[in-house]
Protein chains: 2
Amino acid sequence: MIVVTTVDDLRTALRDRAGRSVGFVPTMGALHRGHLELLHRARAENDVVVLSVFVNPAQFNDPADLAAYPRTDEADRAHAEQAGVDIYFAPTAEAVYPPGFSATVALSGPIVETFEGARRGAGHFHGVTTVVTKLFGMVRPDRAYFGQKDAQQLRVVRAMVADLNIDVRIVDVPTVREPDGLALSSRNVRLSADERATALGLSRALTAGEAAHRRGVTAAEIVLAAELVLSEFGVNPEYLAVVDDADFRQLHEVPPPGSVLIVAAEVGRTRLIDNVVLT
Amino acid sequence: MIVVTTVDDLRTALRDRAGRSVGFVPTMGALHRGHLELLHRARAENDVVVLSVFVNPAQFNDPADLAAYPRTDEADRAHAEQAGVDIYFAPTAEAVYPPGFSATVALSGPIVETFEGARRGAGHFHGVTTVVTKLFGMVRPDRAYFGQKDAQQLRVVRAMVADLNIDVRIVDVPTVREPDGLALSSRNVRLSADERATALGLSRALTAGEAAHRRGVTAAEIVLAAELVLSEFGVNPEYLAVVDDADFRQLHEVPPPGSVLIVAAEVGRTRLIDNVVLT
């Protein structure tokens, strides 16, 4: 595994591997089994695997949140090496945003304004689309891997790639869960034992929503079924909705296959999100 | 020469030529000798030459101006064929901006806000950067060719490519001029004989500014020398300034090599622009 920190060194490393297919996994580090799943998929489908580790200041609206974001560089490298990563790209903020930088890549509409967009501010997804466009420019991957866990981010990236005609295939990888259903997240470590039990309400609520969907009911009824389970667990959702697969617009009718049931909630002081695709 | 009108057909045509270097000339059609110079340069330096002809609605602030923009498709194809173009890409507006499209690629700062940016509105250069990012995504060229005539647009594209880490070399091609110095422009045909004589003031003023620069004077004195010539020709400039090569910020001190003396003026009802690089 080669470790590079500048765009020039990354390009040199990629030039040495020209003509081979490139799979790319962009992350903010603090790698857990969810990320490893992305890496395994990339490793299976490509000649060359590139992992980027970059805590992107542009997608944090709260400087304290940015400062508190976990950095586990040494462990990340060990995980990456074990997962068969060829190029580990960990640029500095200055390498990504040099002096004079002024570009923004922005989408508009519900896909960036609702749910996580509303919660984190309009700038959040602009920060995501700008940095992902840049990373795609640097790496020029054939395939890029995103977790279904961040459902809205995945769809924002898909829309951006379509809108800007970027020639990369976006591969989404199912959420990795604990045996009892809890979706993996770097934030789970912050949960106390009691909170851990409460947090289970999210995935259980999604399962109830899925079951309701199989009975052919409307989005409103799916949400109601999920809400019931959340309240049994004592979870008060920040949002709970069925949304369109492409543009993340909230649905109220009987949802077509591919629609997504999404939930966000604070459990203690930890904000958790989860979702399930209604097939 | 292959003529394609959809992104899919373009990509198929390019896939058939994989592994060969691609030179790209993006235009709005109405090809004149200035464009042909770009094509000749692209032909000399690449295995495959792609020409795009797309009158981009997003970079017009005035619908009447968009409607009046010359369309000379048949002549353009003949010119392109003769210049050795391999792929002639003439997409419809719907192919470039399909339903649901919502992306914007925007720079900020003087480079997009001053001079042509001020005149045409902030949206103009956002329209340029968005469509050029898209075209680069579609064509994935090794080199792209832009005329020095549109000095600010050239620098906006350079800044965008740097900011977004797009892996393409931007090649600038010197302005093509009539024997007496008038810069080629699709708009020159609108000039009456008298206006044609007056229009010569622009290039003559730039020559005077260049001569002043060689004496080592300040930007203010360069502008003064150019202004004198403009007034002899009865031209009242919309702007006349020395600007920084990279960010198009106006300079007042002794300009470093590479700075650009720019001018815009209405001659009769025709707006003309011209510039010279101070070497």
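Cβ from N, Cα, C; glycine included.
Annotated ATP binding site per TrEMBL: B:28-35, B:147-150, B:VAL176, B:184-187, in sequence order. Per TrEMBL, active site, proton donor is recorded for B:HIS35. The (R)-pantoate binding site annotation in TrEMBL covers B:GLN59, B:GLN153. TrEMBL lists B:GLN59 with the feature beta-alanine binding site.
Around the Cβ of B:GLN153 ((R)-pantoate binding site), the number of neighbouring Cβ atoms within 10 Å comes to 18. Cα spacing between B:VAL176 (ATP binding site) and B:GLN59 ((R)-pantoate binding site): 24 Å, rounded to the nearest whole number. Cβ-based crowding with a 10 Å cutoff singles out B:GLN59 as the top-ranked of the binding-site residues B:GLN59, B:GLN148, B:SER186. Same-chain residues at least 6 positions away in sequence with a Cβ under 8 Å from that of B:HIS35 (active site, proton donor) are, in sequence order, B:VAL25, B:THR27, B:HIS79, B:GLY147. The two recorded residues, B:GLN148 (ATP binding site) and B:GLN59 ((R)-pantoate binding site), show a Cα separation of 19 Å.
The binding-site residues listed here are B:MET28, B:LEU31, B:VAL176; among them, B:LEU31 has the most other Cβ atoms within 10 Å of its own Cβ. Under the DSSP three-state reduction, B:GLY34 (ATP binding site) is assigned to helix. Put simply, B:GLN59 ((R)-pantoate binding site) is 11 Å from B:MET28 (ATP binding site) when counted between their Cα atoms. Cβ neighbour count for B:GLY34 (ATP binding site): 21 (other Cβ atoms within 10 Å of its Cβ, all protein chains included).
A gap of 20 Å separates the Cα atoms of B:GLN59 ((R)-pantoate binding site) and B:GLY34 (ATP binding site).
According to DSSP, B:VAL176 (ATP binding site) is assigned to coil rather than to any helix or strand. Between B:GLN153 ((R)-pantoate binding site) and B:GLY34 (ATP binding site), the C-alpha separation comes to 15 Å.
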